[in-house]
Each structure stands twice: as structure tokens, then as C-alpha cells.
Amino acid sequence: MAILINKKTKVICQGFTGSQGTFHSEQAIAYGTNMVGGVTPGKGGHTHLNLPVYNTVHEAKAKTDANASVIYVPPGFAADSILEAIDAKIEVVVCITEGIPVLDMVKVKRALIGSKTRLIGPNCPGVITPGECKIGIMPGHIHKTGIIGIVSRSGTLTYEAVAQTTAVGLGQSTCIGIGGDPVNGTSFVECIEMFLQDDETKAIIMIGEIGGNAEEDAADFIKQSKIKKPIVSFIAGITAPSDKRMGHAGAIISGGKGSAKDKLEALQSAGVTITKSPADIGKTMLDLLNKI
């Protein structure tokens, strides 16, 4: 069953005719994703990659019945693109763009309340249900249909977890990059809740990092959840100094809050299995499942 997306998902691309939109749409089509068109204002009526181009998301949805959109738009315009997709009632919106101003995202976050849209990202690799639908910039070939749900704040560490769970034969049900910005659309808690309710997902890998309290919130949720599944977690930034941003905009220990130590302690107290090295994620999960 997987979560969020599957082979029936109809996907449009905002920023379709740009270099990033073109390249990653080609990759998605080659993977087998059901791409049905794209949006570039001023280029409506043309075709691109043998798909129709529309001026607005409203028009694209009306003509294609799209229920998902991926956004490859520069930071200054990305929030407006998300708002347009929300206004058009697109169900799943994946925003890849890094560097969107925080105040822009606060407006987006407010618009999401009570809407029909789930936003993944921004500043994320996207979402993939292996063998069915790839929305984002992740390398499709490392994925394998399987039983592990993966959710991560880091793109490249997601790929590590994917490659390792593929190598040990477990595969993935769905993989979600929630993004590394301080304000994002979907949290660890929301993703873990969906994975816990999904029959095909037998276990979960959660990859966090320093900054914020998303991992602590996830630990509280896991502790209180009536549904239990094996969960392995890796937290990046154990040696990170305070008050220094480490890559992602949200990866900063500020005011003594958001350290890896705090996150690890919270997750361990919730019964999550911790791996100290990203190289051991797949093996740790396999060993955990073999013990059950």
C-alpha cells in the first residue's frame, strides 16, 4: 500500500521548463512516475518532454486531474508556487527548493492549516515509493520495493539508509525527505504515524539531526502510540558545537536546546534503537528484525 504516493498518483511539475524541472522530470518519467504535465507561466499551450505545459496550477489540475506537484522554482518565488498549489487543492506538494525565506514559509504554514494539501519539504530530496512513483531528486536505482519506511531531515543520509536496506534485502515501502529548514510542511510525527498505520511498512528508520525539537516530539509520540513497530534512528551532529549552523538552516543548537545528546536520550527512552554510525543503519535494522 505504501504511503502518500503510488503508481496511480498523477504528478505535475511547477518550474517544468527550467533546467532543474526538465532534468528531474526526465528522470521521474524514466523511473515510471505518472507525470501528466507541467506549469511555467507564459509558456502555456506548448509541450515539453511530450507533456502539456500550462500557465497555472489551477489549469493544469483541471485538464489533467493531477493530485501531486513537485516544485523546482527559485527561492524568491517558491512560496508563491506552494501557495498556488494549495489554492488549487493539490493533495501532495513536494518542494525541493532550498533557501526559501523563513517568513515566506510562515505564510505557507498558515495557509496549510485546514487545507487539502500535504506539503513535503522544502529543502528536501522528495518522496519515493519504490517501483511505483518518484517525486524529487533522489537516485531511483538504489531503491527496492520492500518493508522499511524511511523518514529523514537529510537527503544524502536518506540515500545511505536506502542503499543499505536495499543491500541487506529489506527494501523500502516509502521514503520521505522532510527537509532541513526550520519551518517545513510535514513533521517526523506525521510521517511516523502514517508508517505505523501502513500494513506494508514493517519497521521504520528515522534520521534526524541537531536543531529544533522535531526528534523529541517524535520520541513523545512513539512512547504514547498504541501501535508499535521496530524503529532505528541515527542523529547527525553528535560533535557539533553550539550556536553554529551545520549545513541545513535548521541544523543549529541554540540556547542549549536541540543537541544530539538530548535527541538520542529522548528516542532511547521511547524504545527506539540507536545507531551511532550512518554506516550501520541497514545492519542495525536487519539485526533488530532478526531478533523479533
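Yeah, the Cβs are placed from backbone N, Cα and C, and that goes for glycine too.
In the structure as shown, the Cβ atom of HIS248 (active site, tele-phosphohistidine intermediate) sits within 10 Å of 21 other Cβ atoms. The active site, tele-phosphohistidine intermediate annotation in Swiss-Prot covers HIS248 and is backed by sequence analysis.
Taken from Swiss-Prot, the feature CoA binding site applies to THR17, GLY18, SER19, GLN20, LYS43, ILE96, THR97, GLU98, supported by sequence analysis. With a cut-off of 8 Å between CB atoms and residues at least 6 apart in sequence, the same chain places ILE71, TYR72, VAL73, PRO74, PRO75, ALA78, GLY121, PRO122, ASN123 near THR97 (CoA binding site), listed in sequence order.
If you look up Swiss-Prot, you'll see TYR159 marked as substrate binding site. A helical conformation is recorded for TYR159 (substrate binding site) in the three-state DSSP classification.
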- Message: Measuring Cα to Cα across THR17, GLY18, SER19, GLN20, LYS43, ILE96, THR97, GLU98, which the record gives as the CoA binders, how far apart are the two most distant ones in Å?
- Response: 24
- Express the distance between the Cα positions of SER19 (CoA binding site) and HIS248 (active site, tele-phosphohistidine intermediate) as a whole number of Å. 24
- Among THR17, GLN20, GLU98, TYR159, i.e. the binding-site residues, the one with its Cα nearest that of HIS248 (active site, tele-phosphohistidine intermediate) is GLU98
- Note on the structure: Note: in the chain of GLU98 (CoA binding site), residues six or more apart in sequence with C-beta under 8 angstroms of its C-beta are PRO75, PRO122, ASN123, ASP181
- Integer Å distance between the CA atoms belonging to TYR159 (substrate binding site) and ILE96 (CoA binding site): 16
- Between the C-alpha atoms of TYR159 (substrate binding site) and GLN20 (CoA binding site), the distance in angstrom, to the nearest integer, is 20
